[in-house]
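Presented below is the structure to which this report refers.
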């Protein structure tokens, strides 16, 4: 194998900050994610208007699909690239590209240009989300990570809520739909300036040319081909082509071949693999990645199909169907903050994950009983249960993976986690759509079988016609929820694989000979601000501190003993 010692090939970027400066960094990350989520959730509101303006009624879904595919592709790459080129430089660069892409969306005069710009938005936006978690990993001790990362959650939810409202307001103005992108572009630019000023930075020790030589180019190429082929095949199933079409089979074949090549390259040739295969040799991490995939499946399937259930089967208004998602979103924030606080105080992450998965399983099983006559209160309660499950398990799974890996691998394991989450979301929506359509094709009366081609084709039907097709839709939606329940069962099985060792016992640290290795994070039982109180003024700067000095500043008990 061509692998080198990762810890020696990469420069140290961990830089714990004093509490006031740490809070400023976390708030900056939250502000950036607020802007990103306005864009992500505002687009769907504008799709009908954009389709009419650009004459793209048949292909407008690619505005979202191109972004999702690019996000998934680049979510794999950013972790290792940030190890090589530095977190801050890559983060600010991604924000700059995001701003340019948003501007391009606003000036798009054809569907192809719009889709290309949305892909660029996804490539940069996915990296921003990834790097936000990785930067938080660098500046917050492992034990307190959940607590501070939960501070970011309200910003993301606020962006989710404001996105559709801002989009609707701008669309009615003289700026039309283009105004949303013209608004977000300067906000992204300002966010880049803010991040460049506030975020800590540890400059790479090697030259740019030397860093370029470290990049796993073959691994990046083969992973991109594998992911794009798979995502295009899955995203288009039932919409642009049937799952058994020659196009789908060809895409999946190319994707499979590229995936095998990627595994071989990462195993035999890559000096700094973008995904070290060694992380999959850790059963705990593999199980957590599987749980992340299934969690993404269940969550995204609900976000996509609950409105379809509400509008097509229950004949509720679009406003009501949108409000139904609020319990899932709102409770996730509250529970995520509670879970983060609990992990910091208890020193354990397993309890919150187990409770979250249990709630997810119970909620998903109860959801299979949704039908035409289900009481609205039952629907809301079940969605609250699912939201509690997602909120309690989502972020703690990140902390759990980081606790089971070396420090040098935490950036790539974070990227891998986000990749599996995006992949699970995409597969959840695509497979659920295929289940919905296949069930409708099999059960709809002959005169209405064409309705299986589009979940939004019911708008022009009379109440009498809706009553005729309602049993078929009820059966199809139930099958979708049964598939989500199956994913939840699979997620629960992962609980029997990994164990909670806390934050203090990690024998696989990069430097086993370092006397302070085990002390650095066990001493975090004191608040992080206490760790900083003993630092000299120069030690709290954003610059690099010598390794020996840094160890001293992170071990206050040793300082008290006169180290």
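Note: Cβ is positioned from N, Cα and C throughout, glycine not excepted.
The structure displayed is predicted, hence computed values, not measured ones.
The following features are taken from Swiss-Prot:
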- 504-521: compositional bias 'Basic and acidic residues' (COMPBIAS)
- 547-563: compositional bias 'Basic and acidic residues' (COMPBIAS)
- 5: N-linked glycosylation site (CARBOHYD)
- 504-563: region 'Disordered' (REGION)
- 22-42: transmembrane segment (TRANSMEM)
- 59-79: transmembrane segment (TRANSMEM)
- 89-109: transmembrane segment (TRANSMEM)
- 120-140: transmembrane segment (TRANSMEM)
- 150-170: transmembrane segment (TRANSMEM)
- 179-199: transmembrane segment (TRANSMEM)
- 247-267: transmembrane segment (TRANSMEM)
- 269-289: transmembrane segment (TRANSMEM)
- 319-339: transmembrane segment (TRANSMEM)
- 346-366: transmembrane segment (TRANSMEM)
- 379-399: transmembrane segment (TRANSMEM)
- 419-441: transmembrane segment (TRANSMEM)
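Long-range contacts of the transmembrane segment (120-140) within its own chain (CB-CB distance under 8 A, at least 6 residues past either end) are made by residues 13-17, 22, 25-26, 29, 32-33, 36, 39-40, 66-75, 77-79, 82, 87-88, 90-91, 94-95, 97-98, 100-102, 104-105, 148-149, 152, 199-200, 398, 402, 410-411, 414-415, 418, 422, 528. Contact between the transmembrane segment (419-441) and the transmembrane segment (319-339) is absent: fewer than three CB pairs lie under 8 Å, with pairs separated by 6 or more positions in sequence.
Of the Cβ pairs linking the transmembrane segment (379-399) with the transmembrane segment (319-339) and spaced 6 or more residues apart, 3 or more are under 8 Å, so the two regions touch.
If one looks beyond the transmembrane segment (269-289) by at least 6 residues along the same chain, the residues whose Cβ comes under 8 Å of a Cβ in the stretch are 2-4, 6, 9-10, 76-77, 79-80, 83-84, 214-216, 218-220, 223, 263, 397, 400-401, 404-405, 409, 412-413, 415-417, 420, 494, 497-499.
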